[in-house]
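Quick look at what TrEMBL annotates:
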TRANSMEM  55-74  transmembrane segment
TRANSMEM  95-113  transmembrane segment
TRANSMEM  119-143  transmembrane segment
TRANSMEM  155-174  transmembrane segment
TRANSMEM  194-212  transmembrane segment
TRANSMEM  224-247  transmembrane segment
TRANSMEM  259-280  transmembrane segment
TRANSMEM  292-312  transmembrane segment
TRANSMEM  324-341  transmembrane segment
Amino acid sequence: PGEKHAAADLAPHEADAPSLLLLLVVAALGLGMDGDGGSASGGGRWYTGMSSDNIKGLVLAISSSLFIGASFIIKKKGLKKAASSSGGVRAGVGGYSYLYEPLWWVGMITMVVGEVANFVAYAFAPAILVTPLGALSIIISAVLAHVMLREKLHIFGILGCVLCVVGSTTIVLHAPQERQIESVTEVWGLATEPAFMCYVGVVLAIVALLVFKFVPLYGQTHVMVYIGVCSLVGSISVMSVKALGIALKLTFSGTNQLIYPQTWAFSMVVISCIITQMNYLNKALDTFNTAVVSPIYYTMFTSLTILASVIMFKDWDRQNPTQIVTEMCGVVTIFSGTFLLHKTKDMADGLLNSSSFRLPTISSARSFKQTDEYSEGVPLRSSDSFRSLH
């Protein structure tokens, strides 16, 4: 009865939507903890079917999303405060006054904490569990933007958040167990197996083709060129981050892995991949609308990372077909929620009433585009550029 009552109150009390989203997250976790979600444990509680490492990775991944999602809002408030101060110049037009704003640095530190938590999470849990949970940071940002920045959360954006929560819960309840690894040399052995070496070879070949042939010709008009480079390189970087995280975890546990050259080789791969990834991601964000770049990049990056993890760490070898299909359904659900949330995040209050739904007109959509361009300082491509995506 309580669940039905909450669902019935969702439409008439739209202003309380962020609170209901947080309740939905708690309810989803409560369902897993108190129910008989025993697909992996044969009818026991959910945590009896998860290893302690998986639980640690899950907690770290959720914590990472909380910190990263909050950091976006804190930094934005810092940017606004710096721009409103006397003589402040907006970051979108080349100003750096935000560097003197303590609130912006609080947001930056919060983001660093979140990234560190995400890095450590890969050392404990498989990538198929950690990577998709990054979508939770989008929910945190949307809810906090509604509360702290007074930004309207569209009803379809709420639906997108719900889809992300449902998909994340599905993945958590059916994620594979983390592979037990005793040495970084064991990870190196997995990375040098023929299957993964073929994957790396294909990735490097495609990246080289994109960088040297397609970027000069189509980089400014086709968003998939820049995002393709970021996503392909990103899948390799996550595997290297996981290997480096495992090495550091074993080192802190008393088994020194820093004496092995493989540890430093993984470190060099991580640095090289991250530099390349950030370079082309910045190009994509500088050229195309963030609302276009973010969902496409998240979808490609997550898909390729899961593929790389399945090849290298053989995550699906320890699961049955039902669990694999369920995980993929969860991933697709998160993708759908992410696209829906980004698609509707710029819609303003005038687009919908509490009692009726209306689609935006051409003129209103044009005004939203101008507002987004002013507030974020991100240049938007012409309509021809977006038409090239189809």
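Including glycine, each Cβ sits where the backbone N, Cα and C put it.
Most Cβ pairs under 8 A with the transmembrane segment (324-341) among the ranges 95-113, 119-143, 155-174, 259-280 are made by 155-174. Under 8 Å from some Cβ of the transmembrane segment (259-280) lie the Cβ atoms of residues 183-185, 187-188, 226-227, 229-230, 233-234, 236-237, 240-241, 243-244, 247, all in the same chain and six or more residues away from its ends. Comparison of 55-74, 155-174, 224-247, 292-312 by number of C-beta pairs under 8 angstroms to the transmembrane segment (119-143) places 55-74 first. Contact between the transmembrane segment (224-247) and the transmembrane segment (292-312) is present: at least three CB pairs lie under 8 Å, with pairs separated by 6 or more positions in sequence. Long-range neighbours of the transmembrane segment (55-74) within the same chain, counting only residues 6 or more positions beyond its ends whose Cβ lies under 8 Å from a Cβ of the stretch, are 47, 103-104, 106-108, 110-111, 113-115, 117-118, 120-126, 129-130, 133-141, 144-145, 148-149, 172, 178.
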